[in-house]
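Here's what TrEMBL has on this protein:
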| type | residues | note |
| --- | --- | --- |
| TRANSMEM | 20-39 | transmembrane segment |
| TRANSMEM | 55-74 | transmembrane segment |
| TRANSMEM | 496-516 | transmembrane segment |
| TRANSMEM | 522-539 | transmembrane segment |
| TRANSMEM | 616-642 | transmembrane segment |
| TRANSMEM | 648-666 | transmembrane segment |
| TRANSMEM | 678-701 | transmembrane segment |
Amino acid sequence: MKNSSSLPLNECRILKKNLIINRLHILFNAIAIIALFYYRATTLLHIIKTNEIPLLPYVVVCFSEIVLTFIWILRRPARWRPVKRTVYPERLPEDEKLPPVDVFICTADPSKEPAFGVMNTVVSAMALDYPADKLAVYLSDDGGSYVTLDAMREAWKFGKWWVPFCKKYNLKIRCPQAYFQSGGNEIGAEEIEIKKRYDEFKENLEKNSKNASSSVSRDHPPTIEVMNQEDMPFLVYVAREKRPAHPHHFKGGALNVLLRVSAMISNAPYFIVLDCDHYCNDPTSARQAMCFYFDSSISQKLAWVQFPQKFHNASQHDIYGSRLHAIWREGLGLDGIKGPSIYGCNFYMSREAIYGTEKIHKGTVNLFFFDVDLNHLKKSFGSSNEFIKSIYKSYKPNVSRGEKVGYAYFSVVEDSITSLDLHCKGWISVFVDPSRPCFLGSATTNLNDMLVQQTRWAFGLMQIGLSKYCPLLYGIGRMSIFQCLAYTAHCMGDTLYVFPFYGLGFIPQICLLHNIPLYPKVSDPFFIVFAFIFLASLLKHAQEVLSYGDSFMEVLYELRAWMMKSTSSCLYATLNAVLDRIGLHEADFSLTNKAGDDEQARLFEKGLYDFQVSPLLLVPCCSLYILNLVSFIIGLAVIFQSQKANEMFIQAFIPFFVIIVNYQWLDGMIFRKDKGRIAPSVTLLSTAISSIILSLGYLFLIY
């Protein structure tokens, strides 16, 4: 029998079936796309010569197809070599040899991110299956709220009971709320006592949270409080200084401060970033990450280990695409080309990777006897000599385990610590999607939160795409072409859909009403090309959904969610990013509401869309649907009257497909009478906008 030390800590398996299907699809679809553009080019030349139909709508449709093809190319690397990783944490060395780990959790507003949920995440992190003397948990409170600080103190009191209880009985569920909602383990008197303390903990948090909204400040001094006791992880509350006139860079700025503060207190070589609503569902996640950092074949270049975001409140009807399975399916493929990008949370990262201190670590701690430019270090790490000392492996933190620490109030310098192109510099990452989710968060359960969240994400990613760090430009020569394409898809792929979506959502429909053909006849051989690309795309999507273990209904739900995001979120994200780029827009950060609502939850569980959405987000979707509905009904009459069904089939099919897939809009505007219906005022406004577009459509067709 092999010694466990000689066995691999992790295995990477290529998903051969998916690989073959993906590459065959790439081959045949590429051939079809080439044929499509041959048809478009020859037809365009013919239109220019004969002027048979208006040129402008045809050019818009061609442009839309070019953008769709560009996005399709960007997303192919994620399908080229899909892999699946397995870890064996039981093969790790003994606890004494495990490295310390810091846990970073970010919150900003206890009225939108209730303290009870945040503290469950905090306590679950304290109870990770990891040596307590090598674990520290930091909470960044960007609201500087006394409600959150008081909640942290309550979490510390409860954690002193909860953490030993979890470790004594080796509990699989270490989030208190999730544990007691599941019914517990019926351990006996000790569990009854813990349940009593949990109820007190919950009650105290609810009392303290009554004035949550008024406790939030955007103008406050820094506050740091360290809670420390032997045989327990550090628990540290951090509220960085915030002033209205000083840019604070949102979550990125908060993480920057946590890096600096933690360097002074625990200075673990690895840290994990969690969202405040993502509690630790599998207590072995840190050990799973160490299965890669202890792998000598990749550890020297491994920057981070990414776990997917999974959700405890996901319904069997994932009508908003809240489970983000499309992203995690791509993660399996990106792992095959040196790793995915960072998805914002649930990743274990090497502190050395983000500092970029490989050269420094080869020297001594004495800055004055080592060939390092101190001024250069201060440009990267700020003016604090103490912090610069902390980047050396021989540095010893200021706080000892068991040392009594009260309140500490001091200024934190927010000079930038840049990750500077980790993949460009040769760092790699891995993506781990285990059968038991390591972290569980709260999925968005209403349309408003989903669209707001997607707008925020798309805006941030589009800002990168429009900056000098656009991966397709900046990455050339620094990364492989596959990585450049994949990163560009991550930054801009979803948002770019807004251009073909509106181009193909309006133009063919307007031309249908005026009997202007933009596509080949059914009898034309090129009709097969368009039909193949359309059907192959749908079937490929279905194959990916089903191979990931989801039901066929997920195909429809994801398609609807993509259409809604492209129509609304991507539109505003693109406009905001362009305005921001030219200096006419100030970045705004809108939190997704984590507080529950009974009516929203009821609609979500029944699979009904909640259309209580800001009109600004709702009107584009309603207007586009009404336009397609009207153009299809009137267009059918025009087709039958002119007997051009053979010539206009595709243009009639496009609005028909939109109407059928997005039936929920018609239901919300006309048939539903419950609270979640579309407001009549939104329907009237959308009807007016659609009417104006259709009425003025002929102006677009004269060119």
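The backbone N, Cα and C atoms fix where each Cβ goes, glycine too.
Keep in mind that TrEMBL annotations are predicted by a computer and have not been checked by a curator.
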Practice problem: Could you pull out which residues elsewhere in the chain have a CB under 8 Å from any CB of the transmembrane segment (616-642), counting only those six or more residues past its ends? | Solution: 448, 451-452, 455, 502, 505-506, 509-510, 512-513, 515, 564, 567-569, 571-572, 648, 651-652, 654-656, 658-659, 662, 665-666, 669, 678, 682-683, 685-687, 689-690, 693-694
Quiz item: Against which stretches of its own chain does the transmembrane segment (522-539) lie, if we need a Cβ under 8 Å and a gap of at least six residues from its ends?
Solution: 25, 28-29, 32-33, 35-36, 39, 555, 646, 649-650
Quiz item: Where among 20-39, 496-516, 678-701 do we find the most Cβ pairs under 8 Å to the transmembrane segment (55-74)?
Solution: 496-516
